[in-house]
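Asker: Input: one structure, supplied below.
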Amino acid sequence: MILPDFSLARVLVVGDLMLDRYWFGGASRISPEAPVPVVRVESSEERIGGAGNVALNLAALGGEVDLLGYAGEDEAAAALERLLAVAGIRSHIERCPAVATITKLRVVSRQQQLIRLDFEDGFAHLDPAPLVTRFRALLEETGVVVLSDYAKGTLACVEEFIAASRRAGKPVLVDPKGVDFDRYRGATLLTPNLSEFEAVVGACCDDAEIERKGRALMTRLDLEALLVTRGEHGMSLLRPTAGALHLPAHGKEVYDVTGAGDTVISVLAAALAVGRPLTDAVALANLAAGIVVGKLGTASVSPEELAIAIHGQRAPRRGAITLAELLDVLIPLRRAGERIVVTNGCFDLLHPGHVHYLEQARALGDRLIVLVNGDDSVRRLKGAGRPVNPLPHRMAMLAALESVDWVVAFDGDTPRDEICAIRPHVLVKGGDYADITAIVGHDCVLETGGEVRILDFVEGHSTTRIIEAIRNG
């Protein structure tokens with residue numbers, strides 16, 4: 001898996017804006033007025049909450065973020081705007097003097113939350129027209145829309161936001177709230193957690209039931225995809241015309257799940273905004289969720305942390321391996337959404353043309369597998385005197401290349417059996433083939449939804465020419 005350049009992402013987040021306030025202090029006695037602790041406040045902190053936390057996650061990834069929502073004409077709104085400016089988030093706040101900015105005040109002592117005080121009026125009764133007008137003006141410049149619903153009223157007219165996004169050709173991702181999912185009809189992707197999903201479709205006892213009920217929900221709501229986040233059980237991606245993708249959780253230690261859903265939808269949106277396929281975006285979001293649940297409190301994930309997670313996910317052994325070993329290695333990589341590329345050849349005398357070709361092949365995916373003809377196979381194909389280099393030498397040379405992940409030998413005249421067993425996402429062959437049907441293994445790859453690519457060889461480089469030059473002195 002390759003980490004995208006999130007700085008190229010531009011995402012519009014719409015939802016319920018909140019200010020999170022914390023008062024920290026010691027509690028060493030009980031009040032004489034009532035049986036409650038007395039907290040001596042020693043410090044305070046303000047943080048961006050609600051839909052703003054999605055925007056904060058996107059900004060932490062390095063993306064460009066526009067945030068749209070309601071706030072009051074009060075001190076809390078001013079504090080929220082200051083925090084958003086510091087985070088590099090472009091805020092488009094519709095000020096409403098008649099309501100208070102949603103504020104959640106938490107009193108914390110010795111890392112324990114003693115009480116939470118909520119200040120809110122809700123926005124459902126407000127005229128949505130000004131907000132919808134601002135939304136439409138922002139749509140043109142954005143790549144992906146995120147609707148973050150906390151059921152406070154900002155998305156009371158969520159249908160209008162979805163319809164406008166679809167007309168503009170913008171993917172719209174929704175983090176839903178409540179049991180009325182019909183409000184989100186026509187969205188590109190919904191990201192409910194398992195509890196939210198089961199509240200709508202009923203309890204699910206296994207993956208098969210999640211898939212069955214999820215597909216029915218997608219059909220009913222005209223969704224392009226559904227991602228159910230399942231805590232310690234990972235997440236499940238469902239699409240109408242593809243098999244279910246069940247990804248295991250990556251978190252080794254779970255300290256706090258606060259805000260994990262915000263992290264998931266922000267990484268999804270950023271990856272899609274830079275053109276990554278949905279399966280890649282989900283794999284990245286799953287990695288990010290595993291990172292963020294290992295942190296205390298509402299947190300975000302940086303590109304550096306994702307890069308470390310991706311690197312740590314690499315198979316422990318690269319290089320020359322057997323087909324059976326390779327098939328075992330590929331299982332978790334497929335679950336993580338990695339794109340597998342396969343090519344094949346004799347590679348008798350490795351030259352710059354080979355190196356360039358293999359680099360081109362690797363660029364088509366996340367992992368490159370090279371299938372190499374055994375010595376007898378080369379002899380039958382090339383004639384007496386070949387190969388010049390025996391199989392172990394050829395495999396060692398290929399395995400030393402940075403572009404190559406694994407090298408597997410085959411003894412037959414063609415690698416069709418190996419290609420069919422691997423089922424790569426991309427089968428690559430070099431040369432002047434007029435039609436991909438002439439390429440061995442093309443049928444297996446196409447039947448499993450893969451693609452076949454033909455790459456040009458670099459002119460002026462040929463193993464045969466090198467051998468002739470050596471023989472001619």
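Cβ atoms here come from the backbone N, Cα and C positions, even for glycine.
From Swiss-Prot, for reference:
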ACT_SITE  D262  active site
BINDING   N193, L194, S195, E196  ATP binding site
REGION    1-316  region 'Ribokinase'
REGION    342-473  region 'Cytidylyltransferase'
Asker: Can you tell me whether DSSP puts N193 (ATP binding site) in helix, strand or coil?
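Answerer: It is in a strand.
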Asker: Considering Cα atoms only, can you say which of N193, L194, S195, E196 is the nearest neighbour of D262 (active site) among these binding-site residues?
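Answerer: Going through N193, L194, S195, E196 one by one, the Cα closest to that of D262 (active site) is N193.
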Asker: With DSSP as the yardstick, break the region 'Cytidylyltransferase' (342-473) down into helix, strand and coil residue counts.
Answerer: 53 helix, 26 strand, 53 coil
Asker: In the structure shown, which of the binding-site residues N193, S195 has the fewest Cβ neighbours within 10 Å?
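Answerer: Taking N193, S195 as the binding-site residues, the minimal 10 Å Cβ count falls on S195.
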Asker: Within the region 'Cytidylyltransferase' (342-473) only, compute the mean pLDDT.
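Answerer: Reported value for the region 'Cytidylyltransferase' (342-473) is a mean pLDDT of 87.
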Asker: Using a 10 Å radius around its CB, how many other CB atoms surround D262 (active site)?
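Answerer: The answer is 28 other Cβ atoms.
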Asker: Among all protein chains shown, how many Cβ atoms are found within 10 Å of the Cβ of E196 (ATP binding site), not counting that one?
Answerer: 20
Asker: May I ask which residues of the same chain, at least 6 positions away in sequence, place their Cβ under 8 angstroms from the Cβ of L194 (ATP binding site)?
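Answerer: C204, V228, T229, R230, G231, H233 - these are the non-local Cβ neighbours of L194 (ATP binding site), listed in sequence order.
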Asker: Within 8 Å of the Cβ centre of N193, L194, S195, E196, which other residues of the chain have their Cβ, at the recorded ATP site?
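Answerer: The surrounding set, listed in chain order, is P192, F197, E198, A199, V228, T229, R230.
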